[in-house]
Amino acid sequence: MDFIKEQYNSLVLDLRKTFRNKRDGLSHILNVICLLLNALMIWKLLVVFTGCESPVVVVLSGSMEPGYYRGDTLALYHPPKIHAGDVVVYQINGRDIPIVHRILSLHTSKDNKFHLLSKGDNNNIDDRGLYDPHQYWLENEHVLGLSVGYTPYIGILTIWINEYPVVKWAIVSIMLIMILMGYE
């Protein structure tokens with residue numbers, strides 16, 4: 001218990017020293033704002049260069065194993081044409097979470113629209129059960145992007161943050177303390 005009190009008192013003392021001078025406090029706040037704006041600019045550049053609304057996604061389920069595992073981070077690109085066998089990320093109307101699956105087959109309708117059927121590599125049946133009740137095919141507007149690369153397991157932190165709120169609050173608390181103490 002004494003250790004916690006010592007750490008708390010040390011933190012309060014450091015915060016008082018940091019914000020005693022108004023210029024230093026303002027400098028810390030401006031540095032944080034610049035950091036956030038830089039991250040936003042990088043994200044927007046990725047959106048422009050890849051043509052995808054979400055150029056980076058995390059695999060949330062095991063439906064694509066052994067190719068992609070839960071927590072893998074995928075880099076996406078919006079190609080002009082999709083082929084059977086491509087791994088795509090798509091989003092169905094009314095669902096918030098995008099799905100990462102492979103294109104099983106595709107065909108062109110009479111009005112020259114592409115229709116796609118998807119399936120997870122680890123699933124026994126195609127994805128028609130996931131689509132809207134009277135929808136049998138995906139269309140191009142459902143596809144968010146084509147997987148062009150991945151980084152294994154780096155997205156597991158995202159999954160933990162969403163599944164365990166304690167992890168989210170711990171990370172946010174640590175970041176706030178580091179920002180306020182002047183660690184940039």
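Start at 1 and count along the chain as shown; that gives each residue its number.
Cβ from N, Cα, C; glycine included.
According to Swiss-Prot, the active site, charge relay system annotation covers Ser63, His101, Asp127. Positions annotated as region 'C-terminal short (CTS) helix' by Swiss-Prot, on the basis of similarity to another entry: 170-181. If you look up Swiss-Prot, you'll see 1-28 marked as topological domain 'Cytoplasmic', on the strength of similarity to another entry. For 50-184, the entry in Swiss-Prot reads topological domain 'Lumenal', with the evidence type similarity to another entry. Feature annotation from Swiss-Prot assigns transmembrane segment to 29-49.
On a Cα basis, Ser63 (active site, charge relay system) lies 8 Å away from His101 (active site, charge relay system). For Asp127 (active site, charge relay system) paired with Ser63 (active site, charge relay system), the C-alpha to C-alpha distance reads 11 Å. The helix, strand and coil residue counts that DSSP assigns across the region 'C-terminal short (CTS) helix' (170-181) are 11 helix, 0 strand, 1 coil. Helix, strand and coil counts under DSSP for the topological domain 'Lumenal' (50-184) come to 31 helix, 39 strand, 65 coil. Secondary structure by DSSP for the topological domain 'Cytoplasmic' (1-28): 26 helix, 0 strand, 2 coil.
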